[in-house]
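Q: One structure is given below, represented as structure tokens, and several questions about it will come after.
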């Protein structure tokens, strides 16, 4: 189905109407070297899970188990970027993107997670990187974005074993050697403070192990030790530090790139204005954000975690502390929403400890029956644009103003089977969301925060993990029924005009800064 001329006329006037109702913002509000891009991951985009020598990942296995994914779907095809990357790069170039953040599939490079290299995988990523650069787009490469080679999970338990530290370092070095002459931005691991509790506390992500009470009933292994999430996280941190050390010792001076870690970073507000609730905010920040950032800045875990967890939190020797400390050139921040935090036990099912039960903090999106922000198509994600400024300025103050890249930010809409294509394309709420977030981010930069980039999640609608294809974040609509055809949404129009300094791409933000 093609988008009609009438549809574009309607979208154009919708955008004009949006402008009239909403201080002016365009790319000129940001530093001249500020990097705008979109973000993706291998499992969510590539497809081709059994082609050209790729080995299975833990996500390949999980999605073929009944009841794991909301719509019983999988990433076997996803958006088929493995075959359609040139088409997608043309879309990126048409938008005027500076960079494209994608991840490398570990099991496409090393089908068994270690050992023999799959040269077809090397060739694919070489072709992708070269095509991006030929179109003026910088590759921003993540080494691990949730999809662990299944062979490593089966062999020794994946992130629960210290063996993974050397295997990750070896895999990272293969990538530095093969692609580093052209890749100037590396991320070691994406959102360990999310995939670790999802995989080892509540059992929704691989390897579906449950350490928390009332966790996922489909856990492969229930009643696991409550120390497991912290052990897995410890090995993630040491693997990260080992990869950074290898990059700095052998490649960084020659290749001239930078390397960092990407963290999930919601902001939190106290449910009530009381010392107890403000303490709850500090505590959830310790158990979420600071769990991974304190070690790479200060060389140890937050004191709050040490006091509450005792021997369940691994010790860090002075040697390991020195290796961890300063193991980043930038911090990647993935920010989507803001929630209320409270120490009060739940009175309604909306309150939850969920991923961080040891914090004894309950999170909610409501106070006295009023949402913290507009609801979105995904439960737990609310529109609170000022949160991006607050989390950035918190990181600035707490960690002495490190370089920050907003590695993901996006607006989810639910897939409604009754929605027409035209309704799906008219995503005015997504435009307002990004416009307002960028206004607050611009304010944070003006206040002195060293933010260098902003990546929209995502270029395309894609496979959204346990939600399957029921949630859409893309600037482009993807028809998953009819050959993954891409259709530009109104937000793609707006982002193109915003990036190309077109006056019609300027928006008026409802924010008051």
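A Cβ is built for glycine as well, from the same backbone N, Cα and C atoms used for every other residue.
Sharing the features that Swiss-Prot gives for it:
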- 191: active site, proton donor (ACT_SITE)
- 408: active site, nucleophile (ACT_SITE)
- 44, 145, 190, 191, 336, 408, 457, 464, 465, 473: beta-D-glucoside binding site (BINDING)
- 210-219: disulfide bond (DISULFID)
- 223: N-linked glycosylation site (CARBOHYD)
- 447: N-linked glycosylation site (CARBOHYD)
- 1-23: signal peptide (SIGNAL)
Q: How far is it from residue 219 (disulfide bond) to residue 457 (beta-D-glucoside binding site), counting Cα to Cα, in Å?
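A: That comes out at 29 Å between the alpha carbons.
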Q: I'm trying to understand the geometry here, so how far is the Cα atom of residue 465 (beta-D-glucoside binding site) from the Cα atom of the residue listed as 'active site, proton donor', in Å to the nearest whole number?
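A: Rounded to a whole number, the Cα-Cα distance is 14 Å.
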Q: Which residue, out of the disulfide-bonded residues 210, 219, shows the minimum number of other Cβ atoms inside 10 Å of its Cβ in this structure?
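A: Each of the disulfide-bonded residues 210, 219 was scored; lowest Cβ tally within 10 Å is 219.
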Q: Rank aside, I only need the closest one: which of the recorded positions 191, 210, 223, 447 has its C-alpha nearest to that of residue 457 (beta-D-glucoside binding site)?
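A: Nearest listed residue in space: 191.
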Q: Please classify the secondary structure at residue 223 (N-linked glycosylation site) using three-state DSSP.
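A: Residue 223 (N-linked glycosylation site) sits in coil per DSSP, no helix or strand.
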Q: For the beta-D-glucoside site (44, 145, 190, 191, 336, 408, 457, 464, 465, 473), what does the 8 A shell look like? I mean other same-chain residues with CB within 8 A of the CB centroid.
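A: The answer, listed by sequence position, is 39, 41, 334, 410, 458.
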Q: Provide, as an integer number of angstrom, the distance between the C-alpha atoms of residue 408 (active site, nucleophile) and residue 336 (beta-D-glucoside binding site).
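A: Distance between the two Cα atoms comes out at 8 Å.
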Q: For the C-alpha pair, I'd like the distance in angstrom between residue 447 (N-linked glycosylation site) and residue 44 (beta-D-glucoside binding site), rounded off.
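A: Residue 447 (N-linked glycosylation site) and residue 44 (beta-D-glucoside binding site) have their Cα atoms 36 Å apart.
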Q: Output the one of 190, 223, 447 that, of all these recorded positions, has the highest number of other Cβ atoms within 10 Å of its Cβ.
A: 190
Q: Determine the minimum-neighbour residue: among 191, 408, listed as active-site residues, which Cβ has the fewest other Cβ atoms within 10 angstroms?
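A: Candidates: the active-site residues 191, 408. Fewest Cβ atoms within 10 Å: 191.
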Q: By CA-CA distance, flag whichever of 191, 210, 223 among the recorded positions is nearest to residue 44 (beta-D-glucoside binding site).
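A: Minimum Cα distance from residue 44 (beta-D-glucoside binding site) across 191, 210, 223 lands on 191.
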Q: Could you state, as a whole number of Å, the largest distance between Cα atoms of any two of 44, 145, 190, 191, 336, 408, 457, 464, 465, 473, the listed beta-D-glucoside binders?
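A: Value for the max Cα separation, rounded to a whole number: 18 Å.
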